[in-house]
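J.: I have a structure I would like to understand better, so I am pasting it below and will then ask my questions one at a time.
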């Protein structure tokens, strides 16, 4: 994708909206239930811990995007110098150079490019030549291809595919199921009941699955920017829904319908910690889509603030939502989908319908973002396997005609869309999917993969010796000679010490063991 196109850029505020919307997905609807079941003290501590850790690993992803850009910029400069010194700059050589990472490609290709202007090898930041840049959309799959060995790449591929397909399947079930419950209320606990004429509840559900796939699957063939209006509208609905649930819970507390402070503090259930961890990991997930969301932000210097603001806002919303739920509802009566609680407690009809449709609004807006992310990663992974190396991938895509590149987008878009829709069409039970997606694949994508990526990146940058490489770049490339060259990564994580990397990996192992042991008991 050509990120230099101003029309495809958006403001930091819009970037904040995109990231906030992506994080507050299906997990936000289930986290109050798990929080109340776990207990106020355990829940608050774990929620804060997971929020901080997820933010740390999000900054790792941004650092890796910029770092891989620097590595490929230096490789390109060295390659160009070798060509110059050999006096073999033929038409064939020039074509190969145009295929190397450093030139803009077709809009449909999410591959690494080296600058906003064709032919330049370094970005410009604060009047300096900077080899670190995040202006170009570099998917997690491309980062893994550049930084992981073959075994690491295979593990990453399995993790990301399981998570994203599982995520889409959950969404493809939850939205049609919510709509079905609205127009065809469940008369009893039976799994199937008569709705309209010869149509039973399961057939109505399948009709909604098809309609959902057709309507929102179309967005999976486009770009993230094309969902901007949908995201902004959903943000308003989302904030209204959260505010309404919080206000209704507070009203119930004031009317003495909930629990006292003593009762809330006295309740705790450590056996629910594993479930709460899985839900929390799922509730802070955005790492798989960070590359596509930060690249179009116009002011790159504010990316750190955008990320911090989004995670802080999400944590505040979650802690208020869960805290009011803990005082308003008992562990025995709270529903697993939080919006359903307000259908049973004398909520006005309009507010009740609005809250019941909240999952539809939330998940429908997130579905295209996840589908686009899966499409781009599938495209990158399969092209790498077919052509052998990432450079070959870029060269092949760079010479594609627009129609052929557009065709690839549709093929991979369908590959991302069809499997989860088929799963949703044939089953309504996603309990197993939620467990695997949140607790295992989710932990891998959110914590383990970013941490391993940044560890590998820092090792490679240390081997390159940036100060010497920077001098070489100034002598042998087309950077502005009048501007100083910065070899400092302005997008590096604030958590740069090795202790943070080891701490996150250790915490990941502890949580994996804890989740597995508690589930087996």
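For all residues, glycine too, the Cβ spot is worked out from N, Cα and C.
Predicted automatically and left uncurated, TrEMBL annotations should be read as such.
So TrEMBL has the following annotated:
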| type | residues | note |
| --- | --- | --- |
| DOMAIN | 11-66 | domain 'Amino acid transporter transmembrane' |
| TRANSMEM | 12-35 | transmembrane segment |
| TRANSMEM | 41-68 | transmembrane segment |
| REGION | 85-104 | region 'Disordered' |
| DOMAIN | 141-459 | domain 'Amino acid transporter transmembrane' |
| TRANSMEM | 153-173 | transmembrane segment |
| TRANSMEM | 204-224 | transmembrane segment |
| TRANSMEM | 236-255 | transmembrane segment |
| TRANSMEM | 275-294 | transmembrane segment |
| TRANSMEM | 306-330 | transmembrane segment |
| TRANSMEM | 350-374 | transmembrane segment |
| TRANSMEM | 410-427 | transmembrane segment |
| TRANSMEM | 433-457 | transmembrane segment |
| TRANSMEM | 499-518 | transmembrane segment |
J.: Test the contact criterion for the transmembrane segment (306-330) and the transmembrane segment (153-173): 3 or more CB pairs under 8 Å, pairs 6 or more apart in sequence, then answer yes or no.
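T.: No, the transmembrane segment (306-330) and the transmembrane segment (153-173) are not in contact.
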J.: Per the 3+ Cβ pairs under 8 Å rule, pairs at least 6 apart in sequence, do the transmembrane segment (433-457) and the transmembrane segment (236-255) touch?
T.: no
J.: How does the domain 'Amino acid transporter transmembrane' (11-66) divide up by DSSP, counting helix, then strand, then coil residues?
T.: 51 helix, 0 strand, 5 coil
J.: With CB pairs under 8 Å as the measure, which of the listed stretches 12-35, 41-68, 410-427 comes out on top against the transmembrane segment (275-294)?
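T.: By Cβ pairs under 8 Å, 12-35 leads among 12-35, 41-68, 410-427.
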J.: For the transmembrane segment (350-374) and the transmembrane segment (499-518), check the count of CB pairs under 8 Å (sequence separation 6 or more) and say whether it reaches 3 or more.
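T.: They do not touch: fewer than three Cβ pairs between the two stretches lie under 8 Å.
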